[in-house]
Amino acid sequence: MWPALLLFSLLLGVVSAWPSPQVQDPAKSFITLPFTRKLSASPARPKRQAFDSELLPLTVASYYIEVTIGTPPQPLSLVLDTGSSDIWAYSPAARGSCPDCTDIYYDPADSSTAKERPDLGLFNITYGTPNSGVLGYYYTDVIRTGGVGVNAFLGVTTDANEGAPPGGIMGIGLSENVASLYQSGIKYEGYLDTLYEQRLIGSRTYSVFFNEAASTDKDEGVIIFGGYDNTKWIDDLTPFPIVYPSPRGAAELNIEGPAIEITVGDDTYDLPSQSYTVLLDTGSTYTYLPRRQFNVLATALDAELADEDYGLYVVSCDYKSVRGGLDYTFDGPDGRVTISVPWEQVVIANDALPKDVCLLGFIPSPDNEGFYVFGETFLRSAYLLYNYDDLTISLAQASYDTSCDDCVEALVK
Ligand SMILES: *[C@@H]1O[C@H](CO)[C@@H](O)[C@H](O)[C@H]1NC(C)=O
């Protein structure tokens, strides 16, 4: 009880530093929340690797958002995930199947506002990484973010596969992608829709800003539900249509390309052009590229395969300070935008590797997938506005220079 109260008051302390939502005027409201980068052990143990097995497991970075669930509030850190649509937490019953899980649980039995929802069927979701499935039940309960509580749906996980995430997930993608739809054909209202329907925000939008590379101390980003901060990007915030419904279920960003150009010191290369759709996924550390594009990048940086199972490559850490990087140019019906990503954002030091060896923040995928996930190693350089009313995602080059605590504007439908 005591640690829970302590965490809860810390959370309120953080939140009050940000513009606070004013529920008196729903149409002008927004909810601003910091999210924090934390490292955790890679969930599954890679089997084949070029390096000594003692060096692994590798750590992966995730972005966590602080929430409380239930009455009295149970504090949880959940991974912020724009690539999925279910919010879930481990229940104490999952302890046996997830020995490496963070030992922060949500127990519906300790919440007077928890209601089981057997009408939605089993909670059963699997993520992009091998063996990552979790199983449990649906509930509704009060989910509180940034001082704003709303009765919302969540999954409560009782069983985890060996590759399951170490902690719960805050999936805030389209309600059209909730896991129950694939399991039992039943759709429920996702978190963003709930905030909107309860008139806590004036549009079904959120904006995401990551901040600078993890090598700096600025590893805290910001998500704003129902608004954006117009000082956090350069040039125009350009909308691109979301593919919906998409062949793969997820809401994807339907863009031709992007065209990718890389610069290494004085040399510039065009990656082979290819048309595909992109999932902008805050839940992914890496950016996945078609093999033929990846190969040009890997050759230019003398990358070596480090782990076959995960497709992880390593490069010399010297590339962190080489001039240049990647320029992604997106061309859409409303304009064109180039996102420039310097090498220091994609050449990643890792404690499990020798000192001068760094991970490359890209993983090759088969050429014919037509669908690729762009994760942290792309997203850090962009300002993102997800608009589920217009079915667009707007992109601009992120600006790290400004510090304005009062520049958030509500977005009203
Ligand atoms: C969970 O979903 C997976 C994939 O959709 C399926 O193979 C599995 O049988 C489901 N598990 C249960 C217990 O329904």
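A Cβ is built for glycine as well, from the same backbone N, Cα and C atoms used for every other residue.
All annotation found in TrEMBL is predicted automatically rather than curated by experts.
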- [ ] Check TrEMBL and name the cysteine among C317, C404 that pairs with C358 in a disulfide.
- [x] C317
- [ ] With an 8 Å cut-off on Cβ-Cβ distance and a minimum sequence separation of at least 6, pull the same-chain contacts of C358 (disulfide bond), or say none.
- [x] V314, V315, S316, C317, Y319, K320, V347, I348, A349, N350
TODO: Could you say whether, by DSSP, D281 (active site) belongs to a helix, a strand or a coil region?
DONE: coil
- [ ] Please give the average pLDDT for the domain 'Peptidase A1' (63-396) in this predicted model.
- [x] 90
Open item on the list: Long-range neighbours only, meaning 6 or more apart in sequence with Cβ under 8 Å: which ones does D281 (active site) have?
Closed with: D81, T82, G83, V373, F374, G375, L379
